[in-house]
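See below for the structure under consideration.
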Amino acid sequence: MRLFREIAANDPGPTGRMKNMKTFTTALATGVLALCPLAALADSSDPIVIPIHNWSSQIVMSNVVGQIFEEMGVAVEFVTTDSQAVYESVRLGDVTLELEVWEGAFGASFRAALEKGGIVDVGDHDAVTREDWWYPMWTKDACPGLPDWKALNDCAAVFATAETGDKGRYLDGPVDWLKHGKERVEALGMNFEVINAGSAAALWAEIGAAEADKRPVVVFNWTPNFAEAVWPGEFVEFPEWVDGCDKDPAVGPNPDALYDCGNPATGYLKKAAWEGMEAKWPDAYAVLTRISFTNPQIAEMAKLVDVDEMEPDEAAEAWLEANEDVWRPWLDG
């Protein structure tokens, strides 16, 4: 029996509102249940609570894993949560797991929760992440010194708008992603004004609007996602990330400021879980420890929603049907 309660995602972008979860095709479901011995073992009948945030890969990945759990006979519930506060929710057991712990955006919140206890590190995905200031390649024509951040600052006037006056405009991620763009601008003495996008969709809209006339833009971006295949571009190279850059002013080029360096260029993408998950849902937890996605797989998940305009649950079903050779070994152990 399936128990499912859905709370719609609040992303105003192309992800839209999530529809009711759909089951796999009968053939696929039968194959999973027949070949997966985990399905016969008893996990708790209480639902595993999976959080939904405001970017597409996380929403689709959550649906992918949720559908796998449901086909194992485990109930699943999706809830919309803040992407920073979720680690406290996992720690307290209000949310069961988190599938995309990005080092640059959420590492600090994750570490703080680990120190308090109640949350466990369930391991890394194969994916390597980067999150930072980024520009499409046509921007380099207007600012040929890129990707050096000093060259970007020298070109600030190229990025000025009516909104920012004589300062360059940088479109950062949503406020809850805590990217500290304003602190970096101040720490490095940059002639830029930081504007926060309301959603991931607003970032893609900014790039798309600039593409027609090849207007130079600099925005927050990350990898993996679909954008790298649609708009070739580069990350701005800031002073290299050093541990402590966000905590100790002595670390980094400005001895009086924090956040005076770039984000990690080879960041982790982790999974986290409530420490009680293994005892309450041992079979599902065992599968979670084996789940690992690559950069191309995560980019494809985002593309199904952001480019192909599928609903997240439909995108998850399509991804699972096309990648049975990837996820079946997670079930078989």
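Positions of Cβ are set from backbone N, Cα and C atoms, glycine also.
Take the trimethylamine N-oxide site that Swiss-Prot assigns to W55, E131, W177, W222: the candidate from W102, W204, W241 listed for it is W102.
According to DSSP, A257 (Ca(2+) binding site) is assigned to coil rather than to any helix or strand.
W102 (trimethylamine N-oxide binding site) is surrounded by 23 other CB atoms, counting those within 10 A of its CB over all protein chains shown.
When the Cα of V251 (Ca(2+) binding site) is compared against those of the binding-site residues W102, E131, W177, W222, the shortest separation belongs to E131.
What surrounds the trimethylamine N-oxide site, by Cβ distance within 8 Å of the Cβ centroid and not counting W55, W102, E131, W177, W222, is the set G104, A105, T129, G173, K179, F220 from the same chain.
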